[in-house]
Amino acid sequence: MKNLNRFSTIKSKSASSSISSDSQSASKLAIKSEKSNDALTQLGWRPFFAQQLVDEQSRHFLPAKVMACHRNKFEIQTEAGELTLAITAKMLDITVGDWILLNEDNHFQQRLARHSLFSRKAPGSKVQTQLIAANVDTVFIVSSLNKDFNMSRIERYIALANEADVTPVFVLTKADLCDDTQAYIKQILSVFPLAMVEAVNALSQESVTSLQVYCGPNQTVAVMGSSGVGKSTLINSLLEDTAQLTSEIREDDSKGRHTTTGRSLHQMPSGGLLLDTPGMRELQLADCEHGVSETFEEITLLAQQCRFGDCQHQSEPGCAVQVAITKGELEVRRLMSYQKLLREQALNTATLAEKRAKDRSQSKYYRSVQDGARSLKGK
């Protein structure tokens, strides 16, 4: 018979005292569990993650949320408090927002499955995927209401959000410096009629209250946008904090300089978590075909009506896309943006796939060499 209480070796003096003791223990455990669940819920814990603790061993592990990602370490949070973890080879596929499990020594054991993931091709000449953030519910795509406003750049961020299966919200900053905010809003709604658009003065906490509806308890919101659009100022207002210093806007180029260098999660007064990411001067898409197709859904549907299945939508006969452009139903700019992103993601995806295959081949070769060396050593 299994020992039902392996931590107890002393028999109780009476049945009544045993029942009383058990009742008190159960009550304490229930209170502790409730407090534990509350602490985890504030970090975004939900049934999706709890249901992954299926075996007896994993139930004894400690869930932890990755709150910040640095070059060689993670800042994590558990129900007991904050910890720092050095990044090891087993943790290279972890990013900010991930839920991980720790053993009793606070050592990493495994990463839980994600419900969403932002990634891109690493900037520069690196041939690798860069993980941006995991387990995000809503993304604020930030753009400033000035000459830096760019629909093609916005479409790039929307493709990223669609691929990650995260709800996008357009946040247009510097509304206090713009004479005609509606003109910019109309540009967005002409392309994305059902879009949620908020024009705000990021310097004003009162102005950004319209965003609180997305920032409630158990919600994680990412803030993304190019450098200089007022992301850090917006974050400071949402956090009711001035931890991130932002300089004044320079009149010559309408840009703001900020100090954000890493990706980190912050608790908002509204109860949700806010994820800050550095301004992205380069956002190269990879493994993003679905996201691009969904972002340009009207072109995807038109392409299905073309006479030829491999139509490039240039001058081919029977091209439904070109017919739509001729009728004024589709912008040429929109088609060019679609084709550019489709080519980019296809090229980057192929390059990454080639690198993965090469890495697997090298790994297989190294293992065979090691096996051969061990075999010779044993003789």
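Placed from the backbone N, Cα and C atoms, the Cβ positions cover glycine too.
All annotation found in TrEMBL is predicted automatically rather than curated by experts.
Classification of Val229 (GTP binding site) by DSSP places it in coil, neither helical nor stranded. Residues or ranges marked as GTP binding site by TrEMBL: Thr173, Lys174, Ala175, Asp176, Gly225, Ser226, Ser227, Gly228, Val229, Gly230, Lys231, Ser232, Thr233.
In the three-state DSSP reading, Cys319 (Zn(2+) binding site) counts as coil. Summarising the annotation, TrEMBL assigns Zn(2+) binding site to Cys306, Cys311, His313, Cys319.
The domain 'CP-type G' annotation in TrEMBL covers 125-283.
Across the domain 'EngC GTPase' (134-281), the model assigns an average pLDDT of 86. What TrEMBL lists as domain 'EngC GTPase' is 134-281.
Positions annotated as region 'Disordered' by TrEMBL: 250-271 (among others).
Sequence annotations record features per position, and here TrEMBL assigns region 'Disordered' to 354-379 (among others).
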Original post:
What's the CA-CA gap between Thr173 (GTP binding site) and Cys306 (Zn(2+) binding site) in angstrom, rounded?
Top reply: 40
Original post:
How many of the residues that make up the domain 'EngC GTPase' (134-281) does DSSP mark as helix, as strand and as coil?
Top reply: 45 helix, 34 strand, 69 coil
**OP:** Between Ala175 (GTP binding site) and His313 (Zn(2+) binding site), find the distance joining the two CA atoms and give it rounded to the nearest Å.
**Re:** 38
**OP:** Can you figure out which of Cys306, Cys311, His313, Cys319 (the binding-site residues) comes closest in space to Thr233 (GTP binding site), comparing Cα atoms?
**Re:** His313
Subject >> Distance, Cys311 (Zn(2+) binding site) to Gly225 (GTP binding site) (CA atoms, angstrom) >> reply: 33
